[in-house]
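The structure appears below as structure tokens.
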Amino acid sequence: MASVTIHHDEETPLVVESPIQLQPHKSHSRDVHILSIAFVLIFLAYGAAQNLQSTLNTEEDLGTTSLGILYLSFTFFSVFASLVVRILGSKNALIIGTSGYWLYVAANLKPNWYTLVPASVYLGFCASIIWVGQGTYLTSTAHSHAIDNNLHEGAVIGDFNGEFWAVYALHQFIGNLITFALLSDGQGGSTNGTTLLFVVFLFVMTFGAILMFFLHKRIGNSKEEYKNSEADVVESKSLKSLCKSLTSALSDAKMLLIIPLMAYSGLQQAFVWAEFTKFVVTPAIGVSGVGIAMAAYGAFDGICSLAAGRLTSGLTSITSIVSFGAFAQAVALILLLLNFSISSGFLGTSYILFLAALLGIGDGVLMTQLNALLGILFKHDMEGAFAQLKIWQSATIAVVFFLAPYISFQAVTIIMLVLLCLSFCSFLWLALKVGNASSPSTSE
């Protein structure tokens, strides 16, 4: 049965039982544009704030610990996120999810254990529903667009994910350029400089949250969303489907083979945020240099996301693209392990930016391809699939933030390299398994 499903996903436009067509086809790309812009406005503030936690809030490791609590909360709530998104609907989940990011950035105006920790816990909940909502909403939009225009579903999913992640990656570029501008000239440790930075970010995030209201509502793939209007009926059926989704995911060979790559994708993000900025960037070019290095990371992340999305058409193309991204990250990790001693002048700064670019390329590949892969292979339970993605990503991120203070940078880098190899081998096994199950005539 699996072979037939995969073959149709790769070769023919998807035909989904969709009893109601809510939106005309012309609105599909519009919603992708709005979703992408809203996310970049929200995350340019949050991303920059997150990058600064390990360098600004250093007293008793407040910044790093709060991030660990955030991602531990994110992991816990991700277990229930698919249920919440089914009850709320993906659009409402997106709107509510923005509130946690706003409050977290606001807490940085007065950072202490009584502001950052509660904000981190609440953000964990909001992050779980906004990301499951995003994956569900974007994939539903791609499905509708493919059906309405009689297009290859895999290509549409790739295009929409490529656009979203390319625009989203700009949050690192724009947010960190703002950080660099406002915290340069010796203002890195200035209270006035950081206060101004976070106030500007709060205004920008507000506009992003408002944009979410302009998204069209969409019908998800779950039967609860389009067969039942009463919330209590939806909740009753969703509780059963949640348990079934969680257990079936862990018995699905395809999901089990993807999980290591999901976990690594979270690990490599946490590595950049907590380790790379603290032990590589800051000693070489200072706190203000974190902004310019992460801007380079975001720029290459965005370029690679757009290119990867445009090139995605099915499992074969995904395999090739992931291989390229894994190679880029392997090169960066090996260079970090070799610990080249480079002067602190222009050459030294360029080397740091080069490493950031390689890491950005790898992240761009992993984000676009994992989302496209889940959209293609698990369209029968999109909320559950994207919840699994966030569970494993946030769990590994939490582990990094909690354990990083007790492990040397070199040890973390070695662990990263080993897990990259293991997760890539697992992914290749998946590609081989699905490829063998498909018809020999499969082509792209």
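A Cβ is built for glycine as well, from the same backbone N, Cα and C atoms used for every other residue.
Those TrEMBL annotations? Automatic predictions, nothing curated.
The transmembrane segment feature in TrEMBL is assigned to 32-49, 69-89, 165-183, 195-215, 280-300, 321-340, 352-377, 389-407, 413-432.
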Recorded stretches the transmembrane segment (389-407) and the transmembrane segment (321-340) touching, at least 3 CB pairs under 8 Å: no
Cβ contacts the transmembrane segment (165-183)/the transmembrane segment (69-89), at least three under 8 Å, sequence gap 6 or more: no
The transmembrane segment (413-432) vs the transmembrane segment (195-215): 3 or more CB pairs under 8 Å: no
Paired segments the transmembrane segment (280-300) and the transmembrane segment (69-89) in contact, 3+ CB pairs under 8 A: no
Tertiary contacts of the transmembrane segment (321-340), as residues 6+ beyond its ends and Cβ separation under 8 Å: 261, 268, 280, 304, 308, 311-312, 351, 355, 358-359, 361-362, 364-366, 368-369, 410, 413-414, 416-417, 420-421, 424, 427
